[in-house]
Amino acid sequence: MHSFQLLGLAAVGSVVSAAPTASRVSDLVKKSSSTCTFTSASEASETSSSCSNVVLSNIEVPAGETLDLSDAADGATITFEGTTSFGYEEWDGPLIRFGGKQLTITQSDGAVIDGDGSRWWDSEGTNGGKTKPKFMYVHDVEDSTIKGLQIKNTPVQAISVQATNVYLTDITIDNSDGDDNGGHNTDGFDISESTGVYISGATVKNQDDCIAINSGENILFTGGTCSGGHGLSIGSVGGRDDNTVKNVTISDSTVTDSANGVRIKTIYGDTGDVSEITYSNIQLSGITDYGIVIEQDYENGSPTGTPSTGVPITDVTVDGVTGSIEDDAVQVYILCGDGSCSDWTWSGVDITGGETSSDCENVPSGASC
């Protein structure tokens, strides 16, 4: 098991050598004591930076606009109240954007953030058809906590994280309505260019990856419940500005009625690095494609069957991945380039049902296929 380190929020701070002016002290006092309740997205976006407590009450975000809280005051608490809804327009989004330091983002009892994604769903996701807005950006956020959000029916990807030292706890993303209504590419959490991301107690019902880690380090996903999607994924890695995934632990989670259980995928012909990866105590049921799949052959979003070696996958621990898969599914599939997968440790892998694969290549010692 690899060490997992996050900077404690209590340790974050800076020392100011010069005493603030009287006017600066007055401004700080006003911000620390101000609670602002907004019922308008534009007002919240324009003036919330002056508030230490932001309440977003039954906001209806106009079509084609972002509920933009990227300039939130340091240390602010942001609370969703009632139902947050969004007008319909074909555009890229995001529908919500956060930014800032030492934020606490939460909701009141019974609140829901409802994307009403069925207006966009057409079974094509981001691959064509209607242009669908991304849902929530947690970008340029540092030393912050997001907890207890209830998110429903996102048009496509739900939460995009590009952040440093953030805690996302007890978040529910429920896109189960998309199962029969054309939901596609409705990823739960997409993580990239991040250091220190802790996701605990998430519930994700969707039609794509429960979590997808494309780049970043010191990432933990634990206590998750994932159903309907593509499983617990790293990648695809490659083809971006940052193509390193390091020190990731995914543990104590369940994956049900999904295409895959555990998945690592890298892009053919690209360069990067995937290392220090642990999957521990993952329970599977109703898996339709692969219980465990690790492959170095992705190109244009699909596997090719021909691996490359530019993104090595090293120091991988798979411990206690158990459960059942469907009759036509494959228990384990490993497709590595020559020498580009190494230092793997597997124990307690017990997947029943389905088939074994005869197409694995370059399986490193310590693993089995």
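Yeah, the Cβs are placed from backbone N, Cα and C, and that goes for glycine too.
Features as listed in Swiss-Prot:
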- 1-18: signal peptide (SIGNAL)
- Cys36-Cys51: disulfide bond (DISULFID)
- 163-193: repeat 'PbH1 2' (REPEAT)
- 194-215: repeat 'PbH1 3' (REPEAT)
- Asp208: active site, proton donor (ACT_SITE)
- Cys210-Cys226: disulfide bond (DISULFID)
- 216-236: repeat 'PbH1 4' (REPEAT)
- Asn247: N-linked glycosylation site (CARBOHYD)
- 274-296: repeat 'PbH1 6' (REPEAT)
- 308-353: repeat 'PbH1 7' (REPEAT)
- Cys336-Cys341: disulfide bond (DISULFID)
- Cys360-Cys369: disulfide bond (DISULFID)
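Sequence features, as recorded in Swiss-Prot, placed on the structure.
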residue : record                    : contacts (Cβ under 8 Å, 6+ apart)
Cys36   : disulfide bond            : Thr47, Ser48, Ser50, Cys51, Asn53, Val54, Val55
Asp208  : active site, proton donor : Gly125, Gln157, His184, Asn185, Thr186, Asp187, Gly188, Gly229, His230
Cys210  : disulfide bond            : Asp187, Gly188, Phe189, Ala202, Val204, Gly224, Cys226, Gly229, His230, Gly231, Leu232, Ser233, Val255, Ser258
Cys336  : disulfide bond            : Ile294, Glu295, Gln296, Pro307, Ile313, Glu361, Asn362, Val363, Pro364
Cys341  : disulfide bond            : Ile294, Gln296, Pro312, Ile313, Thr314, Val316, Ile334, Asn362, Val363, Pro364
Cys360  : disulfide bond            : Val332, Tyr333, Ile334, Leu335, Cys369
* Take the Cβ of Cys51 (disulfide bond) and count every other Cβ within 10 Å, whichever protein chain it belongs to. => 22
* Cβ-Cβ under 8 Å with the repeat 'PbH1 2' (163-193): same-chain residues at least 6 beyond its ends -> 6-7, 9, 12, 117-118, 121-127, 138-154, 156-157, 199-216, 219, 221, 226-229, 240-242
* Cβ under 8 Å to the repeat 'PbH1 4' (216-236), counting only same-chain residues 6 or more beyond its ends: which ones? -> 4-6, 175-176, 179, 186-189, 191-210, 242, 244-267, 274, 277, 279, 282, 287, 298, 301
* Cys226, Cys369 as disulfide-bonded residues, winner by CB count within 10 A -> Cys226
* **Local backbone state of the residue listed as 'N-linked glycosylation site', from DSSP in three classes** => strand
